[in-house]
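Colleague: One structure is given below, represented as structure tokens, and several questions about it will come after.
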Amino acid sequence: QIDPKDYTFSGLKNETVGRLPGKVAGQQFVIQDCENCKIYIFDHSATITIDDCVNCQIFLGPVKGSVFFRDCKDCKCVVACQQFRTRDCRKLEVFLCCATQPIIESSTGMKFGCFQYYYPELALQFKDAGLSIFNNIWSNIHDFTPVSGENNWGLLPETAIVQDYVPLPSSEELKAIRVSTDATKSIIPVTRGQRQKNSDESCLTVFFAGDYTTANARKLIDEMTSKGFQLVQTKEVLMKAEDAHRVFQQSALEFIPLLEKGPVVALEFNGDGAVEQCQSTINEVFSGTKVFVSESKASASQDVDNFYNFADMQMGM
């Protein structure tokens, strides 16, 4: 028998509390009426509601469904979920991984950044929550109640460091979790999202399903970002033959047989010379692997548009 008290933090003040990996195990969780607290859920859950919390710092491991903040103010959060929503909130700063478009309603002073976090159990928790580390549209916010002439939300500075917002846990019990907030170790690839691109040259790279898809995609991200290119967006999605024709055009036939194995992982890199650098890295590092890469700077922006337009329709955006 499940005791709701084990899945609730309520009426706490000036406390540090949390749940260790394996302790929530896909249940729903409630956080309410907390003030000046540090709250860490180091596990995956079904849904989480956060109500009437003030000046709290909150980490939420992967949530299979929705995370809903209501009547909260002055909170700093790190959140990974399928759906993100706020209502009647003021001044939330959120490092977010969200598979669908985040929604704010009757909320002001909202700031968003890309989820950056690592601890050893996190990758498996993402899997258990049915979330892909590549599906994160953290910066594509929909304001349900816009006010003319005002902007209710913005993006955190690119230089924002997670642990300046949500510090690592200091309690004995929670210190056992080996957390890193270093962006290069983050389980979620850190993307630019809707920020202004530095260059008018982008390159689309698509990896096909197989045993090493995730590792290969990560390796390419490391190679490209270490050379100063920026990862704009990532996506993991199933494709059909007709989608391949639309996205890969002339080279579609070569890739269609690979689509049956499972979803593809697409990456958009930006920077002068991105196409050439992507091609040479793939030839050097992934020589035995079939990968789609934009052929030229001229075709690349069309490739990116074709793929992400298709993917947005797939995801029901």
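The backbone N, Cα and C atoms fix where each Cβ goes, glycine too.
From TrEMBL, here are the annotated features:
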DOMAIN    1-146  domain 'C-CAP/cofactor C-like'
BINDING   Gly65, Ser66, Gln82, Gln83, Phe84, Arg85  GTP binding site
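Burial and contacts for the listed features, if you can.
Modeller: On the 0 to 100 pLDDT scale, the domain 'C-CAP/cofactor C-like' (1-146) averages 97 in this prediction.
For Gly65 (GTP binding site), the same-chain residues 6+ apart in sequence whose C-beta sits under 8 angstroms from its C-beta are Ala46, Thr47, Cys81, Gln82, Gln83.
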Colleague: If you draw a 10 Å sphere on the Cβ of Gln82 (GTP binding site), how many other Cβ atoms land inside?
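Modeller: That number is 19.
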Colleague: Given the GTP site residues Gly65, Ser66, Gln82, Gln83, Phe84, Arg85, which other residues of that chain have a Cβ within 8 Å of the mean position of their Cβ atoms, reported in sequence order?
Modeller: Thr47, Val63, Val67, Phe68, Cys81, Cys98, Thr100
Colleague: How many angstrom lie between the most widely spaced Cα atoms of the GTP binders Gly65, Ser66, Gln82, Gln83, Phe84, Arg85?
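Modeller: In whole numbers, the farthest two Cα atoms are 11 Å apart.
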